[in-house]
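Engineer: Below: one structure in structure tokens.
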Amino acid sequence: MKRYFVTGTDTDCGKTFVTNQLVNYFSDSAAIKPIASGCEYSENQLVNSDALLHQQQNHLPMEIVNPWRFRLPVSPHLSAREDGASIDVHKVADYCLNLQVNDIKKLFIEGAGGLMVPLNEQDTWLDFLKLTRIPVILVVGMKLGCINHTLLSQEVLEINKIKCQGWIANCLDQDMLMLDENISTLEAKLNYPLLARTNYGGKISDICLSSL
């Protein structure tokens, strides 16, 4: 089974939406969100709204889709601490590397926030990637400032020799000035391909998804 880690340039760049679109596109795929904060109680269990979308799409138990759940809508290390817990990055890595789902050939693993979001006092998602070496799909929320955020993300990945499979332009605002020019700038400056584009909450537009 191929595994991909879906991360983003920042919070609210559209990782969950894009991940759902990828699962819709690939009929032999599923998605999980191993760590989520901002969970609320529903039917006597903590539920994260993003993870719930994956669970409803995959028809998998929530315990498989989202095993690490915390209440406060803050960085995972802070939310876990407030719940009297801590996140062991090695356990998260083992879980994501060893999870098997029947008839699934592609597993999309959605992170929380960006690459440098802390999971505990020492480790970030980058440390998770160093342990797992799972290829990255970078979701770029197309808005003012995205070029800077995207190039910084590329630098972090390259310095740490983490493979990036490609990036997806998630067009958040149909009125964004010079949207196509911004995408062209990123295509010229990034060292990995533009896989797809999503337009204002619409379906994913295939550009190079066959490489996955």
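Cβ atoms are placed via backbone N, Cα and C, with glycine included.
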Engineer: Name the residue, out of ASP50, ASP83, that Swiss-Prot lists for the same ATP site as ASP12, CYS13, GLY14, LYS15, THR16, PHE17, GLU110, GLY111, ALA112, GLY113, ASN170, CYS171, please.
Structural biologist: ASP50
Engineer: In DSSP terms, helix, strand or coil for GLY113 (ATP binding site)?
Structural biologist: coil
Engineer: Can you tell me the three-state DSSP label for SER37 (substrate binding site)?
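Structural biologist: Once the DSSP labels are grouped into three classes, SER37 (substrate binding site) ends up as coil.
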Engineer: Other than its own, how many Cβ atoms are within 10 Å of the Cβ belonging to GLY14 (ATP binding site)?
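Structural biologist: Total other Cβ atoms inside 10 Å, all chains included: 22.
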Engineer: Which site among ASP12, ASP50, GLU110 has the most other CB atoms no more than 10 Å from its CB, taking these as binding-site residues?
Structural biologist: GLU110
Engineer: I want to check the contact list for CYS171 (ATP binding site): same chain, sequence separation of six or more, C-beta distance under 8 angstroms. What comes out?
Structural biologist: MET142, LEU179, ARG197, THR198, ASN199, TYR200
Engineer: Relative to the Cα of GLU110 (Mg(2+) binding site), which of the recorded positions ASP12, THR16, LYS33, SER37, ASP50 has the closest Cα?
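Structural biologist: Checked the recorded positions ASP12, THR16, LYS33, SER37, ASP50; minimum Cα distance to GLU110 (Mg(2+) binding site) goes to LYS33.
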